[in-house]
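Below is one structure, written out as structure tokens; the observations come after it.
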Amino acid sequence: MIHHIPNVLNKEQVAEFRKLMEEANWVGGKVTAGTLSASVKRNQQLSEQDPLTHHLSDIVIKAIWQNPLFQAAALPHKIIPPLFNRYDEHESFGFHVDNSIRLIRGTAEQIRTDLSCTLFLSEPDEYEGGDLVIEDTYGYHEVKLPAGDVVLYPSTSLHEVSSITAGTRFASFFWVQSLVRDDSKRHLLFSLDESIRELRKSHGDSYSEVMKLTNIYHNLIRMWSEL
């Protein structure tokens, strides 16, 4: 399931990110690509060792851990520290699948990539082309969101960033190991969580059905989660 998570960063944070990123030193994006995907990757990234990467990454991590919609959709267990990229004119990243296992930067710890995330840092009208195209069982989905918004989708999906024809596309990208690895189970839990939240709004926390459904939700988490 593809999720749109709005306003992960506010406009002031985005403006500060952009100021710092536009003055930064960029390296070729192939450094974080697998052998196969490197052949179709043409973009630029902030170095993983750059202090700016660490600074911006910490802000993104704090924002997503505090975002209730992200928590409900991803059920995150571990998060790869975010990286940052830019696509200038004629740059793109052809169809590829993300590596199934990745190292957490600066450690020997590995995580399973269940969910891929893109945090948009350019407004849609600042560049042409550059859509994130995600392929799933229902076809192709073209994604271009406002700056500060996140798209969250299963890492099993083939996806690409189409060629930039004008302007520059700035973004952050990262991966999540979920408490629940199966996408269909996460979808079910998210739908159940949505129903509980709507019932709480309309009937209050003391409504008996809220308590019953909350009990079911947490028992399913116990049944399906991996720690």
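From the backbone N, Cα and C atoms, a Cβ is placed for every residue, glycine too.
What Swiss-Prot records for H96, D98, H159 is Fe cation binding site. Counting Cβ atoms from all protein chains shown, D98 (Fe cation binding site) has 19 others lying within 10 Å of its own Cβ.
As annotated by Swiss-Prot, 2-oxoglutarate binding site applies to R169, with the evidence given as sequence analysis. The Cβ neighbour count for R169 (2-oxoglutarate binding site), using a 10 Å radius and every protein chain shown, is 25.
Look at Swiss-Prot and you will find 78-178 tagged as domain 'Fe2OG dioxygenase'.
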Task: Check: same-chain CB within 8 A of Fe cation site center, minus H96, D98, H159 - done: S37, F93, F95, V97, S116, S155, S157, L158, E160
- [ ] Could you round the CA separation between H96 (Fe cation binding site) and R169 (2-oxoglutarate binding site) to a whole angstrom and send it over?
- [x] 19
Open item on the list: Given a 10 Å Cβ-Cβ cut-off, pick out the one of the binding-site residues H96, H159 that has the most other Cβ atoms nearby.
Closed with: H159
